[in-house]
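Working notes, structure below.
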Amino acid sequence: MKKISLPKIGIRPVIDGRRMGVRESLEEQTMNMAKATAALLTEKLRHACGAAVECVISDTCIAGMAEAAACEEKFSSQNVGLTITVTPCWCYGSETIDMDPTRPKAIWGFNGTERPGAVYLAAALAAHSQKGIPAFSIYGHDVQDADDTSIPADVEEKLLRFARAGLAVASMKGKSYLSLGGVSMGIAGSIVDHNFFESWLGMKVQAVDMTELRRRIDQKIYDEAELEMALAWADKNFRYGEDENNKQYQRNAEQSRAVLRESLLMAMCIRDMMQGNSKLADIGRVEESLGYNAIAAGFQGQRHWTDQYPNGDTAEAILNSSFDWNGVREPFVVATENDSLNGVAMLMGHQLTGTAQVFADVRTYWSPEAIERVTGHKLDGLAEHGIIHLINSGSAALDGSCKQRDSEGNPTMKPHWEISQKEADACLAATEWCPAIHEYFRGGGYSSRFLTEGGVPFTMTRVNIIKGLGPVLQIAEGWSVELPKDVHDILNKRTNSTWPTTWFAPRLTGKGPFTDVYSVMANWGANHGVLTIGHVGADFITLASMLRIPVCMHNVEETKVYRPSAWAAHGMDIEGQDYRACQNYGPLYKR
């Protein structure tokens, strides 16, 4: 099949159309703004897959309806998914704006004195507001000279934030969520809401029974040579942890090998179901070779699969990581227990950063007093107000061990295009594979076990659906915390020591849900959350506003909150504005 092209960023230079001196004097400056914007975006951004971002500039400056239509025709033919309109001068507001109702759009009005770029910006935004097509405002804080072609830091920040979020919107549109299985143990996020995916994300849901996975394994609908490669890779790289099962439930070497083989096969088959695999056509399985065009997936597993077959922990952990037997590659997004709403938070984080995402239970709040009582240790530093134990049954991306290093040598999780094979190997070396606990997983399996290094900035997110309101997003920026080994061991053994752990300390504001760490835990809307590397809550807020998903909880500084200009007309409290604007405009792809 022809590979679907990636969305591009459209740049729209708009200009005062009056000839006989006005337009002519502005052509070069206006087009240079467009070129500078395109140069910035192509230099600083990449798609989540690692490919370079492409910008498409209008063939001419846009002064009115005819040139706007010509620009739109070009953009439509080149898969432009978001637009940035730029101008240093007055132009004709509603005659020059981008009118596509679902395409994210921003306007940069040059802050200069010679020509009123700010006046056009205000006029165009008024037209957008009146027509119900929200747009983002970009206006530099300081006046620039007319011949200054530099992009100020504050303008650059907004251009990049808008573009990152807009690319995420455009990249999700038209894709699918592969729901492999149904509802897992009554978890609400696995009651997959087709209307949410269609109306807010522009996606479809592909519902597939888990028997399809069984069929592919049993009928050998996979690349057998790749399976041998995967087994050899696991033999070389997997370290195995202790088997905590009672002796009657422990498997012998032959049985353990069969469990490992099936776990790796599950990873291969789920991947093939998501994105297709041309190798399957070579063995006569043309239909299966196409895949389901899935940008994210979820696997029910418990309990209808896991009571008989190996659990999804190994498959999910490998798919969610930035590497496997084929080397370093783009991580997939696969939600444990088919928690589609956590899967959407994972998808957002991956699209914004290009990094792997850590799926976890928001398991336990440990107060400083409780930790001191149980271990004798007094918390300090980032952990002084208490910590949250983020832990799940082994499906978290192995990148979450944070054995990768940034340019200053600090532990981190990198975009996959920056990860070396040495760093991938270090993440594998930091991971143990522990036999699944029989009482939970009767069909066996292996859970990955690692401990996230401390002092790493993270953003924890979660999407929830509220009846009568729709989807909402929660955001909590904070850091991973490193505890003394003996303290970690005592706390970890009180739950399940065969699973991966991140000790998380959210940044507190002293207000509302961020009054203290207990309040963060108490206000979290579900049993799962996602960790995305870095303090990127502002990017999530911008993305959510594009999709019309209100943010019900965040600890991002107010100066970093960036939403469409029309939000300001919905009241004076910025969080109340968000709710009213999202309700007023409705989901991006209204259905």
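Keep in mind that glycine also has a Cβ here, set from the backbone N, Cα and C atoms.
Among the candidates H528, H535, H554, the residue that Swiss-Prot annotates alongside E337, D361 as binding Mn(2+) is H528. A gap of 4 Å separates the Cα atoms of D361 (active site, proton acceptor) and H528 (Mn(2+) binding site).
Apart from the site residues E337, D361, H528, the chain places the Cβ of I187, G189, T336, D339, N342, F359, A360, N392, A526, N527 no farther than 8 Å from the centroid of the site's Cβ atoms, the recorded Mn(2+) location. By neighbour count, meaning other C-beta atoms within 10 Å, the densest spot among the active-site residues E337, D361 is E337. Straight-line distance linking the Cα atoms of H528 (Mn(2+) binding site) and E337 (active site, proton acceptor), rounded to a whole number, equals 10 Å. Counting every protein chain shown, 25 other Cβ atoms lie within 10 Å of the Cβ of H528 (Mn(2+) binding site).
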